[in-house]
Amino acid sequence: MSFRQRQECFADERENVFKTTSWSTYFRYVSTNRSLVFTLIFIALVFVIEVAGSVIGIFLITDKIWREEDETTHPNTSSQGTHYAVIVTPTSAYYIIYIYVATSESVLALGFFRGLPLVHTLLTVSKKLHEQMLSAVLRAPMAVLNTMKSGRIMNRFTKDMATIDDMLPLILFDLVQLTLIVLGAIFVVSIMRPYIFIAAIPLTIVFWLLRKYFLRTAQQLKQLEAEARSPIFSHLILSLRGLWTIRAFGRQSYFETLFHKALNTHTATWHLYLSTLRWFLFRIDILFVLFFTATAFIAVGTNRDKPGEIGIIIVLAMLILGTFQWAVITSITADGLMRSVERVFKFIDLPSEEAKPTGRGKDKDLVIENPHVHESWPSRGQLEVRNLTVKYTEAGRAILQKLSFSMPGGQRMGLLGRTGGGKSTLLSALLRLASTDGEISIDGVSWNSVPLQTWRKAFGVVPQKIFILTGSFRMNLDPHLKHSDEELWRVAEEVGLKSVIEQFPDKLDFQLEDGGYVLSNGHKQLVCLARSILSKARILLLDEPSAYLDPITLQVLRKTLKHSFPDCTVMLSGHRVEPLLECQSFLMIQDSSVKTYDTIHKLLNETSHMKQAMSNQERQKLFPLNRHSSSKRAPKPISSLQEEEAEDEVQDTRL
């Protein structure tokens, strides 16, 4: 991974910082799993039971206290001499303690029933989001992934998913719990004094507007903090990679100064966020003081005959103070964490390169099954291309325009062109990896009438940049595990990999890691070639097969193509002619168009630069008469002869 790619891992796309998390994100998150909806309904019922139990306990206590006061003021002479048990005596302190204990234990027990299902369900939702996002990325068109930074993809699967897995369930649990406690306290107080509910309405509106204003400001500050944090990690990576050079030139103090500047910038932005948060919480405290004052005046002014009830109202109002402030901070944190969910939803909504199932059925949109496609398709491997236009993106410029050519089944075609001319792009278009317009058919079957996976199974691919999967040799050779060990060893020996695999301890079960760093580029290409043999593909695409191969491995590749793919249609791309001498036809890409040549002689006669790029030995094999005819020509100046000799020495000239 290059330094720029490492730097992109700490950066992300710049979002709309003036936009807070929409309610549609919350609703979609809740509706991702039906069990979460039922869990929230269950929590609401448990909350109603808790509030009802608290209200009943409060009224039982206050009712007994008021009854005791009435009996003290108006004693009943008929009850004198009667002895009651302690537990039913209104004046007994044990009665109040029993009510408190019963209420507290009930709330504690119901809290477990409320919290455990919620956290477990939220973790299930997180797992489902990860599966949906992974499926969306794997099915996304290459045109979309090519325009996306690698750091953005890594952040979705690392930072955002870690947030959704680790932090979001606990924060949402606290938010739901604190919100229910605050609403329950306000509900109880409002039942005892209905005027308190009327006083809470305008304060709630002011709080909501103030919170919305703060979130819009806080999002900007969080964006600044993230942008200031990225240079710190980038500077650390750069310093660690060049630590020897820094010490050799004695520039430690200079790089320390740069690090301190970056750290101070980040600290300043973080301090701004904390100061803004304190500003918001201070105004929330002012709103609560107004609510507490209104509650006290309403409680005292409406009923002065029940001091116990007034005390309970004041205690509940004081309870709201700490709980409400905690709930506000939790809601702000939850809003920031839900931005991760919103970004994950954007990845889930990526366009798909293949049709998706509709509803619960197995039917797919935009794909009409061709009745001529059987299990034996393709049988000949005849490729037809008509008016093909290829773009990297749908809105981008055309890389290849109006290409038309045909490949008879069983032939080998060489694909030539300059660097960046579109050879790899054409191979990607044949695999339906690029944005294309036009018609491509194999054995008369159009690509629009065949499912994507069925179409790609017709091709075997050896790309220029080999990617080895993390796993065993067996899995890399046979990803679907359909073949026996005897077949794997036979194919490995056929491509010259058997001796390489036998060098490792577990042979076919040896685990390849980090892109198969223990293998050379030539061995990796042979792995892809063996995979194509096992897949029994009728069309083989090789992108620059000789770019990283030594002469011995190149001979093995040519031998394998000759013996293992005798009846297959093979397309080889390259800059030079030498690796493509065994091809029956050639396709030259130039200026976004193509030209077909039936023979190598016709190609070299019409493209002199290709002939000059060949080695003298290969040129004499193709044109044996040139050596005899050149002796009859008049002698040339020495300078021109030296130029020709210099051109003959060129063996690896790239166009």
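Backbone N, Cα and C define each Cβ position, glycine as well.
Quick caveat, the model's predicted, so the values are computed rather than measured.
Straight from TrEMBL, the features:
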- 36-61: transmembrane segment (TRANSMEM)
- 37-328: domain 'ABC transmembrane type-1' (DOMAIN)
- 107-125: transmembrane segment (TRANSMEM)
- 167-189: transmembrane segment (TRANSMEM)
- 195-211: transmembrane segment (TRANSMEM)
- 232-250: transmembrane segment (TRANSMEM)
- 280-300: transmembrane segment (TRANSMEM)
- 312-334: transmembrane segment (TRANSMEM)
- 383-616: domain 'ABC transporter' (DOMAIN)
- 623-655: region 'Disordered' (REGION)
- 642-655: compositional bias 'Acidic residues' (COMPBIAS)
PLDDT averaged over the residues of the domain 'ABC transporter' (383-616): 80
Same-chain residues near the transmembrane segment (312-334), Cβ under 8 Å, at least 6 residues beyond its ends: 58, 62, 168, 171-172, 174-175, 178-179, 181-182, 185-186, 188-189, 192-193, 196, 211, 214-215, 218, 277, 280-281, 284-285, 288, 291-292, 295-296, 299
Same-chain residue ranges lying at least 6 outside the transmembrane segment (195-211) that approach it to Cβ under 8 Å: 186, 189, 280, 283-284, 287, 290-291, 294-295, 298-299, 302, 313, 328, 331-332
